[in-house]
Amino acid sequence: MSDQGGVIGGLVARPFRNLAISIAFVLFVAACAIVAYMADGWSFGDALYMVTLTIFTVGYGEVRPIDSHYLHGVTMATMVFGCTGVIIVTGSLVQALTQSQLEQFFGKRVERDIDRLDGHTIICGFGRIGLMLAGELASVGETFVIAERDEARCQEARALGYLCRHADATDEDVLRMLHVERAKVLATVLPDDAANVFITLSARSLNPKLEIIARGERPTTERKLVQAGADRVVMPAHIGAERIAEMILYPRLVNFLRGEEPKGDGTDEGLAKLGLDLRVITAPPNLGARKATVGELERRSGGVLVVRIERADGAVIESPSSDEIIRTGDALAVVSKSGRSSLGSLAD
């Protein structure tokens, strides 16, 4: 169903191309009909005149007698295909003229909506990640605008009700048009690392206080993005690999964190509002070697709460007591301050 929608949307999006194709079809039908009449001994002038009368259904009468099955077939085929082509040409012409007017109207409307933006989020790129990001922001009522250089993707964004400008975000003028100086966050999620670095540099120079979140594909790009001014760098491939590894190594804990095992409604949302994260962390080797307890770990961490332990042998301990010993290789479900992702510093 979505594929059909994409095909139809593509046809609607290219009215002038449709018009050119339909005109070419009518000319092709006319040329074939002229050749067919001339093959029966007609002159070029008579054949052209007859084809014109037939296609446009004028009805002045036959130039020469249509007195054979061959001529009957040629004339009927010319009527069917020629009239169909003329109808398509007419429809395409109306569509092209109408859409041109609509684009002018909605283009001005988009400009007005963009001019009103303040404290908004700018999304650079509307590919797979941009689409999901926009959906998440829209679901919570966040104000955002998209910059996408591919016209089809831009129209897809507009069809979903998103504010989108058909432009290349690597152009500083485009960022200015999106009022980057008034924006709160810029997320550049293009699949091209070089483009993301360039956008980050441009955005940082235009708004030093802007929070910039950048996508990176190669590990070596992360440092460049940070140097360019990105506050955070997200590497989808790296995150995906980590999640798959967690599912393989700690399936029960992953289920717990994803809500597939009971943990109370709204836990993640409530913790997030408090600036806390609920995540899976592997116990550092030093902790297991000296048989540190949960209580000792929590005291030394100054902000980590262990809520569940999964042993290497598969045993699970819910709400472990403070004297529970942590072993090497244990998977710990911990509540911690947002951004803390490792217990390595607690192992000393």
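Quick reminder: no glycine exception, Cβ is built from N, Cα and C everywhere.
Whatever TrEMBL says is automated annotation, not expert-curated.
TrEMBL lists 118-235 with the feature domain 'RCK N-terminal'. The domain 'RCK N-terminal' (118-235): residue composition by secondary structure is 54 helix, 24 strand, 40 coil, according to DSSP.
As annotated by TrEMBL, domain 'RCK C-terminal' applies to 266-348.
The transmembrane segment feature in TrEMBL is assigned to 19-38 (among others). Beyond the transmembrane segment (19-38), the same-chain residues lying 6 or more positions past its ends with a Cβ under 8 Å from any Cβ of the stretch are 44, 46-48, 50-52, 54-55, 71, 74, 77-78, 81-82, 85-86, 88-89, 91-93, 95-96.
For the transmembrane segment (44-63), same-chain residues at least 6 beyond its ends with a Cβ under 8 Å from one of its own Cβ atoms are 26, 29-30, 33-34, 37-38, 75, 78-79, 82-83, 85-86. The feature transmembrane segment is assigned by TrEMBL to 44-63 (among others).
Within the same chain, residues 15, 18-19, 21-23, 25-26, 29-30, 33, 36-37, 40, 50-51, 54-57 sit at least 6 positions outside the transmembrane segment (70-94) and bring their C-beta atoms closer than 8 Å to a C-beta of that stretch. Annotation comment: TrEMBL describes 70-94 (among others) as transmembrane segment.
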